[in-house]
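Chemist: Copied straight from TrEMBL:
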{"type": "REGION", "residues": "1-31", "note": "region 'Disordered'"}
{"type": "REGION", "residues": "575-596", "note": "region 'Disordered'"}
{"type": "TRANSMEM", "residues": "70-95", "note": "transmembrane segment"}
{"type": "TRANSMEM", "residues": "102-128", "note": "transmembrane segment"}
{"type": "TRANSMEM", "residues": "148-174", "note": "transmembrane segment"}
{"type": "TRANSMEM", "residues": "195-215", "note": "transmembrane segment"}
{"type": "TRANSMEM", "residues": "221-243", "note": "transmembrane segment"}
{"type": "TRANSMEM", "residues": "335-355", "note": "transmembrane segment"}
{"type": "TRANSMEM", "residues": "384-404", "note": "transmembrane segment"}
{"type": "TRANSMEM", "residues": "425-445", "note": "transmembrane segment"}
{"type": "TRANSMEM", "residues": "465-487", "note": "transmembrane segment"}
{"type": "TRANSMEM", "residues": "499-521", "note": "transmembrane segment"}
{"type": "TRANSMEM", "residues": "546-566", "note": "transmembrane segment"}
Amino acid sequence: MENRENYPSSPLADQYSAIPSPHSSTAERKPGGWRSIKYILGNESFEKLAAMSLIANITVYLSTKYNMSGIFLVTVVDVWSGFSNISSLAGAFICDAYLGKFYTLLFGSIASLLGMGIITLTAGISFLRPLSCNQNSKSECTNLPKSWQLGVLFAGLGLLSIGAGGIRPCNIAFGADQFDTRTEKGKAQLQSFFNWWYFTFTIALVVALTGVVYIQTNVSWTLGFAIPTACLGISIAIFLLGYHTYINVKPRGSVFSDTFKVITAAYRKRRVEISHDNRAFYDPPVTDYELKLPHTDRYRCLDKAATITTPDELNSQGVAKNGWRLCSVQQVEQLKCLIAVLPVGVSGVGALMTMDQNTTFGILQALQMNRSIGKNHFMFPPGWMNIVSMVTLSIWIYVYERIYIPQARKVTGTRDKRLSMKQRIKIGIVMSILSMIVSGIVEIHRRNSALKQDSFISPASVALLFPQFSLTGLTEAFAAVAIMEFLTLQLGENMRTVAGAMFFLCISIASYAGSILVNVIHSVTKISGKSPWLGGHDLNKNRLDYYYFFLAALAGLNLVYFHFFASHHVLTSSPDCETRDQGHDFATSHSRNPSE
């Protein structure tokens, strides 16, 4: 990198800059570079604006227009979120094995457009929704959606999930492919690309969470959904305009296929003795586009998959005849890298599960609070609560990068005093504990004030929710970002789409785990005949505060688990996975001025 002494490096940029370039070594590179990036960033900005405007307000839409409440509402949102994230695994597989990044992104964008179009129709055509109810009434709504109405809604949400599966694991990786990292100029351009990507993402997020969400809540849901639908159409048009400028790296096979091959081959050879002589392993040279992973001694049972038991397993050219019986050392080491990230991934799921609560129960709290702000009685849209988390995240990035780091350097006299990856994850888990405790305390006040006045809407101000959403933003800034960075660095360069998919898999598991937990707690707490902690249209009849405190206890167990077990897997300095706990921060490296 140029000027490495002056500028903190981006872990993603470092990761990609070590990758053999996808560009031909014999021909002058004409496409790619910034000529392509402007189309990619344009596509990404409009796509993210559309996606985030729906994600931020889906709870409010389902509550007010589909009369969903309690357990069913939370389950629908969690399952949809989980499917959207777990589909990234399928998207990464299809991308690496068959379509490549361009066509995976294109088909994903088209699926998202169709899904958003269906959601817009549900808002604009009244018979696609149940009859409305008085949302401020304490009585349960009896106008529930019919099965076919839910079918139309779920079809739209399903297409959006399929689209997310194609877009999420490929968008950053496709942009990184456009730069020739064999040169110092290409490396510097790559780091600048990550800055610009985060900058445009933030702008799209601000527009989605302010303008579009406000239109949805206070003007018209139809117009509020038509805008992101149009944005998706524009994003596809921009993406196609740059077709002739893109560098398209051909698919080279999926890591997931190799994973199943290694497991199958190791099982078939489970009785084979592992030789300590590496010459007994099948270790052919890798392609020009891959980073060679040297053999390691961990998870030795998997080495059986690469053990040559008889000469008949190789053909006359020395190539394995059956990939399901004999795998290369490279394939085995890739699976070892995947296994190595699991302990930290478990802690990530715990932290992400607490973050999910504010997108569901936090928004439901806002719906039953006084949202009037200022002398003009401006009605604060519930979907805007997510802005609090984003603003907190942005403030922390600025403070960390512009105040903490320079002052720490002056005091200690050392060049780099960044928080290590382990420290950031641990702090993030602590923030998740605090966010649940604060959420429980606020809920006690909200509920008591509502019951005191015998009112569905609590007189407590919605501003009381700001601290818990701020703590959620800090949980993301520390834990979620550090875990994303850990996955990116832990997995090899040829697993770049897998790294993104693994992070979204953690989010998916967190969503499903949260949904299961909500249903279990509802079933268990209603056994005694008393009002259950969760469920129903009116939070005042529940004990959401108990649920928050229970989650705080689980987060405490997560902290103990990470401190005594998972944290030892963060300090991986093994060269096979190109991992170092250097304390580089994914978020802060992106927060720098894009012109640098």
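Glycine residues also receive a Cβ, built from the backbone N, Cα and C atoms like all the rest.
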Chemist: Give me the stretch from 70-95, 335-355, 384-404 with the greatest number of Cβ pairs under 8 Å to the transmembrane segment (499-521).
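Modeler: Looking only at 70-95, 335-355, 384-404, the most contacts with the transmembrane segment (499-521) come from 70-95.
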Chemist: Who are the chain neighbours of the transmembrane segment (546-566) in space, where the CB to CB distance is under 8 Å and they lie at least 6 residues beyond its ends?
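Modeler: Those are 343-344, 346-347, 350-351, 353-354, 357, 361, 425-426, 429-430, 432-433, 436-437, 439-440, 443, 518, 521, 525, 533-534, in sequence order.
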Chemist: Sort out the residues at least 6 away from either end of the transmembrane segment (425-445), same chain, that have Cβ-Cβ distances under 8 Å to it, and list them.
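Modeler: Answer is 344, 347-348, 350-351, 354-355, 357-358, 361-362, 365, 419, 460, 464-465, 467-468, 471-472, 474-480, 482-483, 486, 539, 544-546, 548-549, 551-552, 555-556, 558-559, 562-563, 567, 570.
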Chemist: I'm a bit unsure how to read this: which one of 70-95, 221-243, 465-487 has the highest number of Cβ pairs shorter than 8 Å with the transmembrane segment (195-215)?
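Modeler: Maximum Cβ contact count belongs to 221-243.
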Chemist: Can the transmembrane segment (335-355) be said to touch the transmembrane segment (70-95) if we require at least 3 CB pairs below 8 Å and skip pairs under 6 apart in sequence?
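Modeler: These two stretches do not touch.
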Chemist: Using a Cβ cut-off under 8 Å, which residues of the same chain at least 6 positions beyond either end of the transmembrane segment (221-243) come close to it?
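Modeler: 35-36, 38-40, 42-47, 49-51, 53-54, 57, 61, 65, 102, 105-106, 109-110, 112-113, 116-117, 119-120, 123-124, 208, 212-213, 215.
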Chemist: Do any residues, 6 or more residues outside the transmembrane segment (465-487), come within under 8 Å Cβ-to-Cβ of it, and if so which ones?
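Modeler: Contacts with the transmembrane segment (465-487): 11-12, 341, 344-345, 347-348, 351-352, 354-355, 358, 362, 365-366, 369, 385-386, 388-393, 396-397, 421, 424-425, 427-429, 431-432, 434-435, 438-439, 442, 499, 502-503, 506, 570, 584-587.
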